[in-house]
Amino acid sequence: MPRVKAVKKQAEALASEPTDPTPNANGNGVDENADSAAEELKVPAKGKPRARKATKTAVSAENSEEVEPQKAPTAAARGKKKQPKDTDENGQMEVVAKPKGRAKKATAEAEPEPKVDLPAGKATKPRAKKEPTPAPDEVTSSPPKGRAKAEKPTNAQAKGRKRKELPAEANGGAEEAAEPPKQRARKEAVPTLKEQAEPGTISKEKVQKAETAAKRARGTKRLADSEIAAALDEPEVDEVPPKAASKRAKKGKMVEPSPETVGDFQSVQEEVESPPKTAAAPKKRAKKTTNGETAVELEPKTKAKPTKQRAKKEGKEPAPGKKQKKSADKENGVVEEEAKPSTETKPAKGRKKAPVKAEDVEDIEEAAEESKPARGRKKAAAKAEEPDVDEESGSKTTKKAKKAETKTTVTLDKDAFALPADKEFNLKICSWNVAGLRAWLKKDGLQLIDLEEPDIFCLQETKCANDQLPEEVTRLPGYHPYWLCMPGGYAGVAIYSKIMPIHVEYGIGNEEFDDVGRMITAEYEKFYLINVYVPNSGRKLVNLEPRMRWEKLFQAYVKKLDALKPVVICGDMNVSHMPIDLENPKNNTKNAGFTQEERDKMTELLGLGFVDTFRHLYPDRKGAYTFWTYMANARARNVGWRLDYCLVSERFVPKVVEHEIRSQCLGSDHCPITIFFNI
């Protein structure tokens with residue numbers, strides 16, 4: 001109550017001074033004398049920020065005691081809200097009695113103002129910058145225009161604001177409007193106490209003033225002018241967080257073109273139309289400007305929140321990626337650490353094997369046996385990497401061994417490929433799956449013809465169309481060439497024969513298989529020669545059904561020919577008939593080449609009156625293979641399959657002299673076989 005009396009005395013003193021017309025002009029109180037207290041409460045909530053501008057400019061303009069009685073009307077000008085102005089003209093006692101809470105706030109605001117002069121070092125600098133903006137002129141001229149034009153729309157705008165920001169301000173009184181922000185003001189008043197406690201010159205009343213100022217600032221968005229000035233002034237204070245200051249300065253510059261109240265309303269409308277995120281930012285700025293130095297800390301917090309959320313969203317995505325990479329690196333690191341010794345030791349083994357190959361074949365088997373348990377000790381991940389290393393080392397060693405062997409074979413022509421003198425023959429048939437003719441030529445595959453000098457040379461899996469044949473194979477001196485490979489075919493077969501055949505037939509009479517090129521039949525005087533490349537069942541037996549269809553067609557075809565003449569079948573049959581015909585029969589029962597279906601079809605074929613010449617001569621020989629996968633250095637370890645055969649009619653078996661497997665001949669994953677006949 002004593003504060004109310006002080007206000008009355010100050011109001012009486014001001015009534016005699018010429019400062020009274022300004023609040024009358026700003027308030028337009030003559031028209032609103034009959035209005036209710038509720039309308040008076042609504043309007044002040046809107047004009048609060050402008051009153052602050054006037055007070056700040058007045059305090060910065062004059063620090064003498066004469067300004068202090070003017071500060072009371074400016075506090076009343078904070079009552080631009082039309083409360084104190086109406087009280088001066090319409091009856092001081094009654095109006096003061098109604099807004100008791102406001103009168104206390106006004107006194108609280110009027111009392112600490114002389115104390116503000118103590119820390120003027122910090123506060124006066126930004127206020128001095130605000131002086132060039134004619135604050136009293138704006139109060140006298142622009143506010144009445146803005147209010148006269150926008151008193152009712154401001155209520156609508158305030159309602160719109162309250163819907164998005166503080167819904168309690170439009171419907172409630174000054175106390176109700178102050179209550180919801182009190183909770184927020186308490187949260188933000190704590191840093192003000194901490195920051196303002198450092199100079200030690202400001203009392204509790206000033207803290208209350210800051211709280212009330214913060215409350216009012218939250219209730220309105222007209223603080224854009226003060227925000228602009230504060231944003232321009234803040235870079236000086238924002239030396240601690242320079243990054244946030246730069247962002248604030250940019251945002252302040254964006255708001256600069258609206259210094260007037262009308263511009264403020266436009267900016268507020270634009271902000272209301274903008275999404276709530278953008279509207280939330282100016283709110284926090286208004287709070288920051290009222291709290292003074294707290295803006296330094298509060299702005300980075302409020303502004304950092306959206307950035308932090310974005311950073312979290314962005315961080316959450318790369319962070320797990322990094323963790324996954326780290327975890328994958330850890331897992332891969334373990335594998336790599338385990339794989340590195342394997343890769344380092346294995347090429348060492350491969351290097352040892354390469355010279356061993358040149359020396360003895362028996363040592364290769366011993367080294368392979370020694371290497372097996374070492375690999376068995378390693379983990380499966382390391383084993384998965386072994387084939388790649390072994391392929392490279394194997395390919396290198398095979399090339400070296402190939403050159404060495406070709407040189408030795410050239411020198412050992414008769415010794416390596418000739419039969420003993422006691423075995424007489426007059427026909428030599430050689431068969432080889434070259435796994436690509438052009439690659440085979442680059443690996444000096446044609447040397448076999450010079451070394452072996454076969455009478456008939458059968459090739460499978462040439463993978464080369466007739467119009468794409470290299471010149472080296474189009475014309476071999478002394479041979480009649482017969483090719484079958486359709487364009488785009490992946491199979492392809494060919495026959496080179498020194499003896500002119502009576503008739504040559506291409507294919508099996510089925511488009512499904514003849515389009516690829518799988519069989520050529522050459523009729524000679526005393527037999528039929530069939531050069532065949534049987535379809536592979538494929539991984540996971542995807543081609544097993546076509547393979548079964550082929551088997552039926554082939555059996556019918558061979559049976560028809562065998563009724564006319566003896567038949568000699570050479571080529572890649574893509575099956576290991578018996579467990580002795582492959583290194584690991586138990587592990588391959590469900591793999592292509594050793595399925596029960598394929599083996600049964602081979603048994604059926606032999607049951608039609610045909611004989612496997614190799615098993616006829618060497619029924620118990622083990623380790624006799626014609627195919628080795630490129631993986632796991634299988635050929636060096638002789639982990640292979642016998643897939644290439646020479647089958648003859650039973651009546652032609654007595655004419656078979658020898659069946660040789662030329663495992664020393666490189667250039668393909670298969671090796672050639674040579675059959676000697678004495679017809």
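The first residue you see is number 1, and the count goes up from there.
Placement of Cβ uses the backbone N, Cα and C atoms for every residue, glycine included.
What Swiss-Prot records for 106-116 (among others) is compositional bias 'Basic and acidic residues'.
Among the features that Swiss-Prot reports, phosphothreonine is placed at T133 (among others), with the record citing experimental evidence.
Residues or ranges marked as phosphothreonine by Swiss-Prot: T140 (among others).
Look at Swiss-Prot and you will find 179-189 (among others) tagged as compositional bias 'Basic and acidic residues'.
Residues annotated as compositional bias 'Basic and acidic residues' in Swiss-Prot: 203-214 (among others).
Among the features that Swiss-Prot reports, compositional bias 'Basic and acidic residues' is placed at 312-347 (among others).
Residues annotated as region 'AP endonuclease' in Swiss-Prot: 428-679.
Under 8 Å, Cβ to Cβ, and six or more positions away along its own chain, Y533 (active site) finds N433, Q460, E461, A491, G492, V493, G517, R518, M519, G571, D572. Per Swiss-Prot, the feature active site maps to Y533.
Secondary structure at D572 (active site, proton donor/acceptor), taken from DSSP and collapsed to helix, strand or coil, is strand. According to Swiss-Prot, the feature active site, proton donor/acceptor maps to D572.
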Determine, from DSSP, whether Y533 (active site) sits in helix, strand or coil.
strand
